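Here the structure comes first, spelled out in structure tokens, and everything after it is commentary.
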Amino acid sequence: MALTKSRRAREKDVPDQESVYKDPNMPLYKLLDETELTKLSKIFNRKHERRMDKEELRKVLYKVGYIEYDQDKFDDIFKKMNTSCNGYATWNEFISFLIIGFQLQEVSTEYKTLEDPIPLQPTMIRSHHRQPINRITFYPTVKPDRSTTWQSGSIMTCSNDGIINYWSLDMKLERTVQSTCPLLKVQPTWVTDMVVLPDVSIICTSSTERDLRFYDISARKFELRVMVTSLPFAVTTMNYTFSRRITDPSRLLLGDMAGNVKIISFTTEARGPFRGQPGIPLLSVRYESVVRNVIPNFKLLEIPRLHCDTVRQMAYYGTLRGAISCAECPKAVVISDVADGTTIYTYKIEMGAWSFALDEGARILATGGPDCLVRVWNPFVPRRPICTFYGHHTGIVQMVFQDNGKRLYSLSKDKCIKVWDIGLQAIVQSYIDWPYNLSEKGTLQALYNPLNRQWIIGSAMIAVLPLSPEQSPEHTDGDTHTAGISVVLYNRLFKVIITCGWDSYILVWNPFDGRRLIVIKNAHTVKIHGKVYPIEIICATFDPDYQRLLTSAHDGTLKIWNFNTGNCLRNMKIGPWLSITSLIWVKNRMMISGWNRTITEFADLRDIPQTGGSESKDWSRRHQEDISASVVRVPETVVTSSYAGELIFWSLETGQPYKQFDVSYPTERIKLQYQLTKTKEKTKDQIQREKRKSATLAAIKEKQKKPGLGVQKFRLQDGSSAKGLNLVVRDIYFSWMIPGPPTQLSKASSTKREKSVEQIVDQEYLHARRLGVFSMLFLKTRRNEPEIGTLLVGLGNGHIQVWNHHAAGGFITSFNAVYKFGDYVISMTTDINNEFLFTEEEPICMPEYRLRFPFMWGDRFVGRAARAVRGQAKPVLLSSIRGHLMPVSNLAYIDECEIILSASTDYSARMWTLGGRYLQTLGTFKPWKNIKPEGVIPKDFEFGIPPEIKRVASSTSLRVLSGGTLPKPLTEKQKQRRAQKESLSVDESKIYGMALTDPILGNHYRVAERTTKPRFIDLDTSFPYIPVYQHLITPQPVDIEKSNIIK
């Protein structure tokens, strides 16, 4: 009986021998099936408060799921799971951890921009029309193979008075013509629409005179060639389509005021019915003659009463070979066969449609009308729309698809543009920032240019609005944020990168496959007059266990985040609009400093989410200026600095200061004075002391008024420039430095310290001219001995001071970190072992570093970075490159891969190797180059150079980015081969016919040969007509000014 009980006990804790143990290298959510999750849920339910500690959960996973992890890996998994940070994992935390794993697996690597689809203000252009524009169209240049592109052609605008303007593709006015009716002698015409027939070089206009006028515009002419009069009703809208095969008929689609649809078909060979005929400069026919086919090759198909109201828009659907028309009637949209006029599909809307958009590739149709609704249809299923979008407050007049039907832009009469995501069936953006002078009462006409992704909207003026503009790979690698980036951090537990920016975004990245895992929009906001505005994120840091994220904003607010889910766990605040410049998070404590000039300490209440800032206290106020930086070394010291150069060492345990210095006079220690908070009457000694103080400061001010002694104040403000490195500097240069052993650093300054004994002086007698401190860094692996440097302080003059935080320590030495006047270090970082800033006492192996850093390789001349530290023995400058166009704001380091992360105010965060080679940019639109999570970047990695840096980088930066060698100059043969290759790729849209042959200037400078025979002229008859006139720009004739001749 005892043996049976012991056997059962063993079987209860140990899995069956026949069970297959699962691979612990796979994620946990892939190892558990539905049956095992059900068993785990029952076990959690039997536990007290449905939670288990780390060891209990490990045993349960081993028993139920046959999963066995090593201790270190399971510790990391439990930290990821335990979001409450209380040492217990509940069932909700466990199942949420599995769900997050599934969600992160489904995150696509497809590029998705963070910017709004309409990111910029429109460019307003004067229309040069007296009346509002009623049509904007594109006149393409037709190639010999009858193909067209948006790279060559003109944009044309027409107004009701018949004025037609030619515009270049960059919207520069080229010329102006006018469509007039030759039958009207007094009354002006009223043009209703215009359409371009590019394959026959014809423009057709319709008017309220119930006529159609066809103008010949070849060779920069504008001559009325054909005129059709006496139509039953005035034509209100037109559309034209032609085929690349010249034998196929071209079609002109017409819609009139009575709801009729007419289709005119003709062949365009030899310009068809618009070919010039001798003795007939103008062919004027009545509509009845066109119906009887009097005009050769001019066939008319009329579909009467297709709509019961005015036709508002026409288009051609090539897939169905049908004409699409819309009107404000129950038969809102109709697709008719262009061959026989039969109705193919009818889309019924009670209030009708004013406009529609069609994407043939995606087979999707969108309609909008006076009911303010946007309906999306499958063209082959007219019974009901796919989805209906609500949001407009007035009728919809213009619509356009983009990106193969993924997005839809709709424009209403109140000049409101709404952007819709068709896949998500949701609104993306509402845009109403239009200038008042665009249109007041006139209609809105639009033309979408797919080449430069611009929507040209015209009425009283012309507005050019970019829609989701694409970035050129020749000029940039893309942006990470939509504004400057202030923080970049690497989480060693979850192995992700977190970036925060001035756009109030928090982004979580996978640095190895480039996926953007989490997006937190509007992390910090403020409501002013009922409108919510985002606030810039200034600082961010992790908790000691790397499980939570703390962010601070410019308005003095703080938030704690679960960055895996995007949930805000706690809100805090130090004061109204007191910018926070530094965050420190140690066990159970958070220390905040900034413009409040003191340290505010908050308690880390892990089990109380969504609490306010009542659990806080302020340390004693010792700074006379705003705090610029603070660092901590657990469990000893907190160091704070200000923009005035104040450096104060605090005890982390008691919160009391024990040393104070001024970086302008580092060897003079400032006496700390402790005062009671109670107010007392001033004694005679205090009064005399204040008089001496005021007299001393007055004398100092008098000296500063003299020439050459002006006061220079350094303070980091929003938008100020500063540069970067592993120490960051203003022109965005990165530098890697390695100093000698600690004993060598102390020797340089030991003689000075022996000669000048450290003095303790009052702060009030210090010189008024002070250096600001902009960055600090603790070297946490170094021993805390008075003669060993443990603290780096970056000054406003570009120098870095080395300090020791020991009670008996102080200033040790300083070195130069910049090579340009006015630059200063604003960010510093190091690896986990502090190897590339300071080494331990072992000697330095310089040949090893020379192999790893191309900057140290020999060059023809010494660059600026090397010249700046030529006389500086220690530290050794290992590398210096230009990484960004604008200031570098923050740096981080990935120890596993030896990768440096840089964040800049130019909206980008980039990855670099330790040797200075460029990897890629987070959020790039280019294909991502995968990186292994462990191990150094291999030498065969496809390195590159940022396109914008390639244009402005120095020879030193280019040499380092190229791997130590500059590109060799090409020989003459290589240049000829490259030129030959470039000459083969000719843009056919810029020429007509054959390429030019030598001699290009012709034989104009040769003397004509004398001969009695008649000269044979060889004409090129391969074209239907001579196209040379299209290339001749003939100036308008002007009167010759007669000069006064004095007789």
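Backbone N, Cα and C define each Cβ position, glycine as well.
Bear in mind that TrEMBL entries carry predicted annotations, made automatically and left uncurated.
Worth saying up front: this structure is predicted, and the values here are computed from it rather than measured.
As stated in TrEMBL, the feature region 'Disordered' covers range 1-20 out of the listed 1-20, 681-700, 921-940. Same-chain residues lying 6 or more positions outside the repeat 'WD' (537-571) and placing a CB less than 8 Å from one of its CB atoms are 79-80, 82-83, 85, 96, 100, 486-487, 489, 491-494, 496, 498, 500-502, 504-506, 508, 518-520, 523-524, 526, 577-587, 590, 592, 594-596, 602, 604-605, 608-613, 718. A mean pLDDT of 83 is what the model gives for the domain 'EF-hand' (69-104). Per DSSP, the repeat 'WD' (537-571) is made up of 0 helix, 22 strand, 13 coil.
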